[in-house]
Amino acid sequence: MDEATSVNEEEFRRLCDFLYRRTGMIFTETKRYYVERRVQERMQATGATSFASYFARLRSNVRGEIEQFVNAFTINETYFYREDHQLQCLTRDLLAERTAAKQTGDRLRIWSVPCSTGEEPYSIAMWLLDNWPQVDRYDIEIVGSDIDTRVLDAARTGIYGKRALMRLSPEQIAKYFQQLDEERWQILDDLRGSVGFAPVNLIEPAETLTQGRFDVIFCRNVLIYFDDTSRRVAAENLYEALAPGGFICLGHTESMSRISPLFEVRRFEDAIVYQRPLKRRA
Amino acid sequence: MTKRVLIIDDANLVRMYYRDALQRAGYETAEAMNGLEALEYLLAQPADLLIVDVNMPTMDGLTFLRALRRQALPLAATPALVTSTEAAQVDINAARAAGANFYLVKPIAQDLFLRYVALLCGGAPQGASR
Amino acid sequence: MPLIRKDAASSAPAREHADLLRSDDADERWRAARSLATSPAGAAALGAALAGEQDPRVREAIFTSLARLGAVDSVLPHLRSDDANLRTGALDALRAMTDAVRPHLRSLLADPDPDVRLLSCELTRALPAREANSLMIEVIDREAHANVCASAVDVLAELGEATAIASLERCATRFAGQGFLPFAIQVAIERIKAQQEATDG
């Protein structure tokens with residue numbers, strides 16, 4: 001990294017502070033390299049010649065630079081088994097807690113919101129089939145939701161290119177997909193039938209309420225795009241959409257600590273997740 | 001062992017001021033911008049002392065202290081030095097009731113700050129520059 | 001003319017929800033607080049419920065609804081609360097309604113209570129930089145309270161402009177004996193200068 005594009009410690013702290021206040025994204029020193037790479041990408045794209053001039057642009061949000069910057073962390077990342085440490089956490093710890101009070105045959109509900117073109121809810125289904133021995137004991141319902149009905153149509157169809165499948169083994173691809181041609185694979189009908197899709201706007205209480213209550217919610221990389229008020233409303237909607245004791249998993253740059261005190265933070269071996277408290281404290 | 005101090009304050013320059021003093025005195029520092037972030041941090045890594053501001057977004061310092069004191073030991077027993085702009089007796093009493101070990105009213109000079117830090121950390125830090 | 005006027009239709013349920021804000025059941029109060037987010041008639045009831053509300057979750061929902069309504073007048077009194085949770089909850093809500101807060105800022109920054117002045121500095125962060133910059137300059141030029149200045153300097157360190165430097169230097173001289181302020185002001189000036197060079201160059 002050359003002198004002009006490098007980010008010194010003081011600049012890194014200022015950037016983190018700014019991002020935290022504006023977007024709720026949270027970065028520690030350990031993510032410094034990762035953040036610097038994204039800064040360099042954006043500096044290149046905007047023609048900024050120093051960090052300071054890029055930061056000025058970001059601060060005054062020239063041509064929607066804040067959204068562009070956030071995008072640099074999130075787009076092109078919709079592939080199967082993305083952030084699988086959270087899936088690991090799901091089967092190692094979260095489901096054990098959620099099923100402790102359930103009987104065989106009880107319903108277990110998981111929500112992926114926003115689900116975009118379906119990679120996440122299908123990944124959850126595949127992961128449970130492959131990694132959770134109790135998968136047949138419960139009536140598992142996986143719901144994928146997004147505000148964009150076009151991506152939901154694509155999710156229902158379930159056709160993906162090579163990039164989306166890059167983290168899957170040939171065995172997994174053979175087990176869950178049907179190859180359509182050189183470049184396209186479609187999720188098998190059985191698996192498609194196991195995931196339901198419904199359009200939902202996360203900041204509309206009337207829309208989130210109709211989805212009922214879930215045991216686990218995956219809500220990754222969407223709250224960082226909201227303004228303060230929308231984030232608060234979304235957090236309250238998510239709280240209502242969780243069963244007491246239910247868990248919510250956020251994206252890797254996100255933390256509920258910037259957004260809402262409604263949840264309790266829980267640290268498991270593989271991930272940090274947020275929990276709707278079982279009982280309320282007076 | 002170098003003592004680790006977690007600075008919990010939403011003001012960037014206040015954190016910087018404490019960090020500057022603490023690092024020169026040989027402490028290791030970490031930072032959080034509100035009470036919830038501090039709780040999240042402490043679940044991963046313990047600290048020897050907490051510097052806690054009162055007025056912070058999402059979770060204020062006193063709500064944080066009450067939540068901290070409800071955690072399991074040894075986390076719940078982490079000493080906390082509350083530093084606040086609120087100087088009234090009612091504020092000091094509220095902080096004590098929430099679980100503060102000591103209360104300093106801002107602005108605080110670095111040397112006085114370090115004296116209380118050393119006291120609450122249990123003696124002078126290892127590797128102190130003087 | 002429509003058969004049922006819209007305001008008449010919406011105020012009856014609002015009254016019902018306002019009553020539910022006093023329910024013994026926290027879940028009911030939570031639902032009522034959330035429902036009132038869409039009825040301006042509910043702002044007064046939401047504001048009044050805050051002082052007596054002990055459940056932090058319900059408080060949070062009330063503040064969110066007040067923020068959605070842009071009901072500054074119902075939130076502002078709580079900025080003076082002795083209860084840190086209520087006070088910072090009010091600040092968070094005000095932070096989330098910049099446009100509604102804007103007309104009140106100048107008088108908040110001149111409030112007789114230094115705590116209110118101090119917290120109000122935070123609210124300028126969401127304004128366009130130029131506007132925040134001039135408000136914060138006014139504060140440090142006249143402010144006698146070190147902690148209020150410190151709060152203004154923290155904002156200037158983020159979005160201050162070159163026009164703030166002279167005032168910052170005077171402020172540092174006024175509070176020369178107070179370790180923190182001269183330190184903070186030096187950092188703020190350095191940042192403003194670095195930013196200035198970057199934008200000029």
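Backbone N, Cα and C define each Cβ position, glycine as well.
Under the heading domain 'CheR-type methyltransferase', TrEMBL lists A:1-269.
The Cβ neighbour count for A:R82 (S-adenosyl-L-methionine binding site), using a 10 Å radius over every protein chain in view, is 17. DSSP assigns A:R82 (S-adenosyl-L-methionine binding site) to coil, not to a helix or a strand. Annotation source TrEMBL lists S-adenosyl-L-methionine binding site at A:N76, A:T78, A:R82, A:E120, A:D146, A:N201, A:L202, A:R220, A:N221.
Per-residue confidence over the domain 'CheR-type methyltransferase' (A:1-269) averages out at a pLDDT of 90.
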